[in-house]
Amino acid sequence: MGHFPSSVGHCVTSIEKSFFMTMLPWYLAKSWPGNVGHIFKKNRDLTKAWKGKTDQLLRVDEHDFTMRPAFGGPAIPVGVDVQVESLDSISEVDMDFTMTLYLRHYWKDERLSFPSTNNKSMTFDGRLVKKIWVPDVFFVHSKRSFIHDTTTDNIMLRVFPDGHVLYSMRVTVTAMCNMDFSHFPLDSQTCSLELESYAYTDEDLMLYWKNGNESLKTDEKISLSQFLIQKFHTTSRLAFYSSTGWYNRLYINFTLRRHIFFFLLQTYFPATLMVMLSWVSFWIDRRAVPARVSLGITTVLTMSTIITGVNASMPRVSYIKAVDIYLWVSFVFVFLSVLEYAAVNYLTTVQERKERKLRERFSCSCGIPHSKTMMLDGNYSESDANSLAGYTRNQMAPEEEKPEKMVVHLAMSNESNSSRKRGLKGHVGLRIIQNTHAIDKYSRLIFPGTYIFFNLIYWSVFS
């Protein structure tokens, strides 16, 4: 037998398909009589339930939505509520804050009412917003703001059959915050985000918090690295512009308390340790010039670095901050410790020069070797000098027995008469100058005591 042409094959195939589609309902009816209607029943297309487009359903084309609802009548009330999603950042240098929030408006526009048997609302995206009237609310004192558009514009419009409208958007705004740093870093800051209608005065639009203080909701996970959020609350009042009139203004107020522990570790503890390190020089021998000078210079430079680092992250305000008081007082203590050693070194040099002149004057008449006179340097006391002032050379012990006391007698003999006339009071008044060890001795008590007293006053005033 020969083969059929290709056209005949196509004809048989189409006949088979036609027969299958014709017989399938009859076969299913015989096998499952109750399921045929269910299988071939089509789902109802809800988008075709209305006899026209959405625009025609809401009668958008029949009204002029460039005018507010009830134009020419009383002010239209527009309720507002806000849910704060995050408080992103607080900038002391720029004096602003960044916040992400859900902003919702509630009002009634009878032009958008529609018939409904189930009294359910309809929800739309941002495309319908451009065709109807919405409140022109803006953020007062904002620097930057935008509506999120990923993956589409984060805008929702919900319309109820009676004309009530819910308009919601997700916004991130950066707004100005006037901060007072006089108590920094022991400060608390109060910032406000202000909402207001741009074009409509209070005679046309009445902006209000929909549920009072309950109109502001915050996410429980909101936290900041340097601040503790103490309180969120709402307020409202009228704002006046001389050229346009009175406007309703809403405020989102929040109070922030700065965490002090970071600044204790980065500023206060290092500054205190530098001050305490400068006191170490009081226990170092006054003749160890390189040790005491290098220690003093190092502490001064370190304090300068700490002050510079703190001010670099702060705005250049014209008033004194609390941290400035602490750092500069600490710097003064460190600087005074350097001046203290300068005084000690100078007075030591002056005393050694005087004693050298006395040795040169009496070295020939006394006949005492120069090596023995070196024992006088800073080792005699006032009581020893006074006890030898009334003795003559004949009453003194032999030179080989007590050469040191004879030298003291010879050095002090010219001044013994005048010293006794002035009395002990004059010698006590000159003790600090004559004995340079006393300056270091008194500094060991005065410097720590004064610094502790300063800290008590500082923390009691600013904390």
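Including glycine, each Cβ sits where the backbone N, Cα and C put it.
Annotation comment: TrEMBL describes 58-259 as domain 'Neurotransmitter-gated ion-channel ligand-binding'. Note on the domain 'Neurotransmitter-gated ion-channel ligand-binding' (58-259): its mean pLDDT in the predicted model is 91.
The transmembrane segment annotation in TrEMBL covers 260-281 (among others). Beyond its flanks by at least six residues, the transmembrane segment (260-281) meets 185-186, 226, 291-292, 295-296, 299, 302-303, 306, 310, 323, 326-327, 330, 333-334, 337-338, 340-341, 443-444, 447-448, 451 of its own chain at Cβ-Cβ distances under 8 Å.
Annotated domain 'Neurotransmitter-gated ion-channel transmembrane' per TrEMBL: 267-459, in sequence order.
Per TrEMBL, the feature transmembrane segment maps to 293-313 (among others). Residues of the same chain lying 6 or more positions beyond the ends of the transmembrane segment (293-313) and with a Cβ under 8 Å from any Cβ of it are 92-93, 267, 270-271, 274-275, 277-278, 280-281, 284, 323-324, 327-328, 330-331, 334-335, 337-338, 341.
Annotation comment: TrEMBL describes 325-347 (among others) as transmembrane segment.
When Cβ-Cβ distances below 8 Å are used as the criterion, the transmembrane segment (445-462) is approached by residues 183, 186, 275, 279, 282, 322, 325-326, 329, 333, 336-337 of the same chain, each at least six residues removed from its ends. Feature annotation from TrEMBL assigns transmembrane segment to 445-462 (among others).
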Surrounding residues of the transmembrane segment (325-347) on its own chain - C-beta under 8 Å, 6+ positions past either end
267-268, 271-272, 274-275, 278-279, 281-282, 286, 289, 292-293, 296-297, 299-300, 303-304, 306-307, 310, 433, 436, 439-440, 443, 447, 450-451, 454, 458
